[in-house]
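These notes are about the structure you will find just below.
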């Protein structure tokens, strides 16, 4: 240290004559809604000796000496883009940044774009549950099946549009990067914990359990198709679950949501691939002998009512991924001039166009090919193997199975990301620092094998899927409508008020009927409880 520096360090601290900007003006502007690329410089940059204050006053900076007080160079510290006292700032207040966002996997990287949004949305929005759509047509028939599928698609697309535009609140300058965060803001923590926590967590964790079951069982089927003679000592179903889980855990070690964009792209391509292969092959092979399109009618009136409700539930459950939309949008940079909802909605439009191209041919073509003969448990996939295993090339069957396995492994990553985020947030809140890489690997491996344990220990979880699905249905069809009304407060009886209120109430009534139908099915058919004995 030089002599001059020593003299400065020993001198008493004296007040600076320069004008200092008030502390209240040091806040994050709404012009930058959490863009990491603009948040890597200190709050008060030391590139120049002076900078303008809030009202044009000159703010003098301390000399660059060893004792000069400077803002630490942290990646969480925002950089000012426009004057602090601008009218827009005062009108929109100040953007609130949660320092933990830069440490958590959902918001760790905000360099996403419309292509990433399309990959994630398509991978999360289409899945194996779409193959069961023809089962709903066996109860509803041609006309009502197509009508309700179309109305359900339009309804969920509208609530998707609401969520995309609710992500950024221009009045408070906040970004709601998680579904639960937005729900808590609009309805309070107590109501959010009661009505939102379980269905949102189930749509993530429960879907991961189902993906292990689907991926493990289809892996076994793929192995039998590719190597039918390699059966001297085949792996058991549980062992195939474990093989699939290990592959999913390895992929889950990717750090954040943006880093799995390539994985989501592969998942989207394979989802479109197996959906197209299944319905094209089924239609090309023609209708089965003795196919009937007469709607199935139960013996009693109450059984008929619940049968119709179950069919509506199958259509409603085919639309998924709404619990991930805010998280996907959170990976994008946003500003006042370039809000994130613009590229996000472009990506959503492309992805849901492809989803519609998959869902409608699956439902219509599958019902045309199999009619009432389609298996109620599994739909199109078991129908393909059951009726066409000898007519169709083994390479087609093997490729279809491979696509299902790859898609399940890729979907596991995006549906597990909210669980990873929630787990790591508990550490960051307590320790006030990011999760170390080794602890992140351990926690994700524990989650993956914990889900594997549930898939093996509770194989009858699918028997109560209708009941739990009824509880989760408002996340897709109801809550976005009420959250939009809470934030935007439309005039009572205005068109938007009537539309959102009607859809919200109708969705809650439908959810109640779904829960009742699920209970009826459980009571009427019973549940074969077999722990640690997967099929």
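Using the three backbone atoms N, Cα and C, a Cβ is placed for every residue, glycine included.
Residues or ranges marked as region 'Disordered' by TrEMBL: 1-56.
The compositional bias 'Polar residues' feature in TrEMBL is assigned to 22-40.
Sequence annotations record features per position, and here TrEMBL assigns domain 'Amino acid transporter transmembrane' to 115-523.
Long-range neighbours of the transmembrane segment (115-137) within the same chain, counting only residues 6 or more positions beyond its ends whose Cβ lies under 8 Å from a Cβ of the stretch, are 145, 148-149, 210, 214, 257-258, 261-265, 267-268, 271-272, 275, 278, 311-312, 314-315, 317-321, 324-325, 328-329, 331-332, 343-344, 346-348, 350-352, 354-355, 358-359, 362-363, 366-367, 370, 374, 376, 378-381, 404, 407-408, 410-411, 414-415. Taken from TrEMBL, the feature transmembrane segment covers 115-137 (among others).
If you look up TrEMBL, you'll see 143-170 (among others) marked as transmembrane segment.
Long-range Cβ contacts of the transmembrane segment (191-214) within its own chain (Cβ-Cβ under 8 Å, at least 6 residues beyond either end) map to 128, 179-180, 183-184, 241, 244-245, 248, 320, 323, 404, 408-409, 411-412, 415-419, 422, 451-452, 454-455, 459, 461-462, 465, 468, 471-472, 474-475, 479, 534. Look at TrEMBL and you will find 191-214 (among others) tagged as transmembrane segment.
Residues of the same chain lying 6 or more positions beyond the ends of the transmembrane segment (238-254) and with a Cβ under 8 Å from any Cβ of it are 211-213, 215-217, 219-220, 223, 260, 263, 405, 408-410, 412-413, 416, 420, 440-441, 444-445, 447-449, 451-452, 455-456, 534. Residues or ranges marked as transmembrane segment in TrEMBL: 238-254 (among others).
Sequence annotations record features per position, and here TrEMBL assigns transmembrane segment to 261-281 (among others).
Positions annotated as transmembrane segment by TrEMBL: 301-319 (among others).
The transmembrane segment annotation in TrEMBL covers 350-370 (among others).
According to TrEMBL, the feature transmembrane segment maps to 396-416 (among others).
Residues or ranges marked as transmembrane segment by TrEMBL: 437-458 (among others). If you look at the transmembrane segment (437-458), the same-chain residues 6 or more away from its ends with a CB under 8 A from one of its CBs are 205, 208-209, 212-213, 216, 238, 241-242, 245, 248-249, 252-253, 255, 416, 419-420, 423-424, 427, 531-532, 534.
Here TrEMBL flags 464-485 (among others) as transmembrane segment. Residues 155-156, 159-160, 162-163, 165-166, 179, 182-183, 186-187, 195-196, 198-200, 202-203, 206, 210, 310, 313, 316-317, 319-320, 322-323, 497, 500-501, 503-504, 507-508, 510-519, 521-522, 527 of the same chain sit 6 or more residues outside the transmembrane segment (464-485) yet have a Cβ under 8 Å from a Cβ within it.
The feature transmembrane segment is assigned by TrEMBL to 497-523 (among others).
Outside the transmembrane segment (301-319) by six or more residues, the chain places 125, 129-130, 132-133, 135-140, 145, 148-149, 152-153, 156, 359, 466, 469-470, 473, 476-477, 510, 513-514, 516-518, 520-521, 524 with a CB less than 8 A from a CB of the stretch. At the 8 Å Cβ threshold, with sequence separation of at least 6, the transmembrane segment (396-416) comes into contact with the transmembrane segment (261-281) through 3 or more pairs. Sequence-distant contacts of the transmembrane segment (261-281), counting only residues of its own chain at least 6 positions beyond either end whose CB sits under 8 Å from a CB of the stretch, comprise 112, 115-116, 118-120, 122-124, 126-127, 130-131, 251, 254, 351, 354, 357-358, 361-362, 365-366, 380-381, 384, 388, 392, 396, 399-400, 403-404, 406-407, 409-411, 413-414.
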